[in-house]
Amino acid sequence: MLSPLIQSTLLMTLGLGTLVTFSSTSWILAWIGLEINTIAIIPLMAKTHHPRSIEATTKYFIAQSAGSATLLITACLAAWHSGNWAISPSSDPIILNAMTLALMLKLGMAPMHFWLPEVMAGLDLTTGMILATWQKLAPITLLIQIAQDQNNAFILGPALLSVFIGGWGGLNQTQTRKIMAYSSIAHMGWIASMAPFNPTITWVTTLIYCLLTSTTFISLNTLKANKITALTMNKHNQISQMLLLLLLLSLGGLPPLTGFTNKLLASVELANQNLAIYLFMMMMGSLLSLFFYTRMCYLSIILSPPCPTTNLILWRMTQNKPMTILTMLSTNLFILTPQLMAIFIMH
């Protein structure tokens, strides 16, 4: 295990790498920020000294190295063509497509998603939360900047594939970490589908995704649920199980929970772009994800004993205010959807 000082230093380095990418105006600085992120999270992934975590760390390093190398080579080619390192879409479609594929690899989007479930399965829930949320922010920033002049089909195709693969892949999983990995793949599809049309909505949906995923990971970590079968045998009270039920339904995008905001904003924007058939296919793919969320809810609530001694509500419970606030935001932000639509869509 890492000492608190080293762990705090690595977390601050993660934040530094993301901020460098956010504030950079050149490809070389953006690439450096991505590399700082990769180097900082590797010790966090390997801190348990278990063969499974070492294997996951190695797979993550290889996948990220391939994405970073591709991005650096294409950035050099773009600078050679344009004469500067500024982050702007290249006039060469081959270079632009290679950049997009490199960023999709770092995001874990289909068809470059194969590393994400295997890596997530070898991590603890806390590190998995960082991998599924914070590590997505820097690549999404770059994807948004180059997506405006990218061929829409080159982004919308992998986005639709991510939604379906995220749903199909999670159907037969029993580990909660792998289920959350496929959930991340599916959500990345919805987020990427917005990037060519409305960067602001892309960021709103990204932040909501990070909020929902972080809260779900924290809830699973509280329940010590590494497998879905553990949801029926946990020793926590039924309030924790009910909160997990709401979080999973929110991740599935059911109204009137916060997760439905992402689906609604994306649906309105795609409809405005005359992509009704594409939107219908995205919705059908989301039903697959909703199925395994519902299965987890079934195991957590329906199959749990009605009122066993271990699940009795204690008369005195330790207050967890941060978790209370996160859960409230993850389930009740849908009331802000009309305001978000008025600001970002109906302008």
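Cβ coordinates come from backbone N, Cα and C, glycine included.
Annotations in TrEMBL come from automatic prediction, not curation.
Per TrEMBL, domain 'NADH:quinone oxidoreductase/Mrp antiporter transmembrane' is recorded for 24-288.
Annotated transmembrane segment per TrEMBL: 27-46 (among others), in sequence order. Under 8 Å from some Cβ of the transmembrane segment (27-46) lie the Cβ atoms of residues 2, 6-7, 10-11, 13-14, 16-21, 53-54, 56-57, 60-61, 64-65, 68, 71-72, 75, 78-79, 85-87, 106, 119, 122-123, 127, 130-131, 135, 138-139, 141-142, all in the same chain and six or more residues away from its ends.
Positions annotated as transmembrane segment by TrEMBL: 58-82 (among others). Residues of the same chain lying 6 or more positions beyond the ends of the transmembrane segment (58-82) and with a Cβ under 8 Å from any Cβ of it are 27-28, 31, 34-35, 38, 41-42, 45, 88, 90-92, 95, 98-99, 101-103, 105-106, 112, 115, 118-119, 122, 131.
Remote same-chain residues near the transmembrane segment (94-116) are listed as 34, 59-60, 62-64, 66-68, 70-71, 73-75, 77-78, 81, 136, 139-140, 142-143, 146-147, 149-151, 154-155, 158-159, 161-162, 164-166, 181, 184-185, 188-189, 192 (criterion: CB distance under 8 Å, separation of at least six residues from the stretch ends). As annotated by TrEMBL, transmembrane segment applies to 94-116 (among others).
According to TrEMBL, the feature transmembrane segment maps to 128-147 (among others).
The feature transmembrane segment is assigned by TrEMBL to 153-172 (among others). Only residues 6 or more beyond the boundaries of the transmembrane segment (153-172), in the same chain, are considered here, and those with a CB under 8 A from a CB of the stretch are 97, 100, 104, 109-111, 113, 117, 147, 178-179, 182-190, 192-193, 195-196, 275, 278, 281-282, 285-289, 291-292.
Taken from TrEMBL, the feature transmembrane segment applies to 203-223 (among others).
Among the features that TrEMBL reports, transmembrane segment is placed at 243-260 (among others).
What TrEMBL lists as transmembrane segment is 275-293 (among others). Within the same chain, residues 156, 159-160, 163-164, 166-168, 170-171, 173, 179, 182-183, 186, 189-190, 193, 248-249, 251-254, 263, 266-267 sit at least 6 positions outside the transmembrane segment (275-293) and bring their C-beta atoms closer than 8 Å to a C-beta of that stretch.
Per TrEMBL, transmembrane segment is recorded for 325-346 (among others).
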**Fill in**
The answer for the transmembrane segment (325-346), taking Cβ pairs under 8 Å and residues 6+ beyond its ends, is 198, 200-201, 204, 208, 211-212, 214-216, 218-219, 243, 246-247, 250, 255-261, 264-265, 268-269, 272
